[in-house]
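Undergrad: Below are the features I grabbed from Swiss-Prot:
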type: MOD_RES; residues: K104; note: N6-acetyllysine
type: MOD_RES; residues: K173; note: N6-acetyllysine
type: TRANSIT; residues: 1-52; note: transit peptide
Amino acid sequence: MVPALRYLGSVCGRARGIFPGGFSAAHTPASGKSRLLCQGGRRASTSSFDIVIIGGGIVGLASARALILRHPALSIGVLEKEKNLAVHQTGHNSGVIHSGIYYKPESLKAKLCVQGAALIYEYCNQKGISYKQCGKLIVAVEQEEIPRLQALYERGLQNGVQGLRLIQQEDIKKKEPYCRGLMAIDCPYTGIVDYRQVAFSFAKDFQEAGGSVLTNFEVEDIEMARESPSRSKDGMKYPIVIRNTKGEEVRCQYVVTCAGLYSDRISELSGCNPNPRIVPFRGDYLVLKPEKRYLVKGNIYPVPDSRFPFLGVHFTPRMDGNIWLGPNAILAFKREGYRPFDFSARDIMDIIIKSGLIKLVFQNFSYGVNEMYKACFLSATVKHLQKFIPEITISDVLRGPAGVRAQALDRDGNLIEDFVFDGGVGDIGNRILHVRNAPSPAATSSLAISGMIADEVQQRFKL
């Protein structure tokens, strides 16, 4: 196993029914049965694969693509519990192509983000996917933030981020005329893209290479086939049985899981370690009214607090022309709870009993209260935004979309910040690779992550 590879996960997003280039997505039939979504060229239908990827978000699809391009003779399938691909984290993120400035030097996050950003730009150019390299300013608005800003600049240089420079008030105004600040880091390599479109393109590549995508397949059990080898040829070649909530089965030799918000539960289903546990954090965005979009040209971020993995409330242009403001970071009461009152008793009990959330809350009580306050009172978020663009008023913003971040947490209440691979022991454990924690910048890093996953699969499973 690659020594540095431990912590990693999946990202998901929302499909619209059509892939770029007119590649149609088949919707689930009225019966609710699982079906192939734009089946690959190898089979008209199948229930057996050499490799199965669980999870149809951007990391799962990028990994499936990388594996089939590297091993075209293998049959590879993707299982997705939703009717369409990329329904959750991929489709609810900010759409930023991160440069790699924030992350600890030599960490997987830093290495994969810098590599991944270059690969995403190259891929979008090859496929004709629209993006904007609009840059980013990380702005210090208080004197006490300047030492942290300078340290962040040095970190970016260590990580090999392209084009970084420290700028003063005069240059801040040249790039963002309505933004106030004492000093800023100019990150010209940062961009924006629609990651759903990127994910759909990965799926198109995968299926055109012969891969199959099975949607509406919510995994309920993973176990070894019970038939004896003498009685079942299928049991010999495809010893793992993956069963969904409707009792349908898929068999395979090896499994890679990229299950995002459910990565701990899928690991537990296979008899592997459920830790680190996933704690869902909801992030609510505001949207700048169209007549006020002139106030923001590119991404504007605050100087981050190194105690937390969240980057703070920021200004993010979107490919559709909107300007998103946010997000906050508050506990979600459901793993896919995009609305404030979405609730799951099971999810809440898991969070309270099985994770280190209680310790995290006590360690960061004031931060949590502040985030809850901003979520409840629009004026609190606007007041924070006014530190950067004083002209913004509460009448200039509307409540916007929300996303849920799958944050891994250990039993001591520590946030797991880096990507992690995990496996297991025994008959199933030796045939499975779990892709676990996938915090930002997993979408930016998806192509770099997929290459690492393909390397790990090849080495672990002796392909």
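Cβ from N, Cα, C; glycine included.
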Undergrad: Taking DSSP three-state, what's K173 (N6-acetyllysine) in: helix, strand or coil?
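TA: The three-state answer is helix.
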Undergrad: Reported as an integer number of Å, what is the Cα distance between K104 (N6-acetyllysine) and K173 (N6-acetyllysine)?
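TA: It is 30 Å, counting Cα to Cα.
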Undergrad: Count the other Cβ atoms sitting within 10 Å of the Cβ of K173 (N6-acetyllysine), across every protein chain shown.
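TA: Here the count is 14.
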Undergrad: So if I draw a 10 Å sphere around the Cβ of K104 (N6-acetyllysine), how many other Cβ atoms end up inside it?
TA: 14
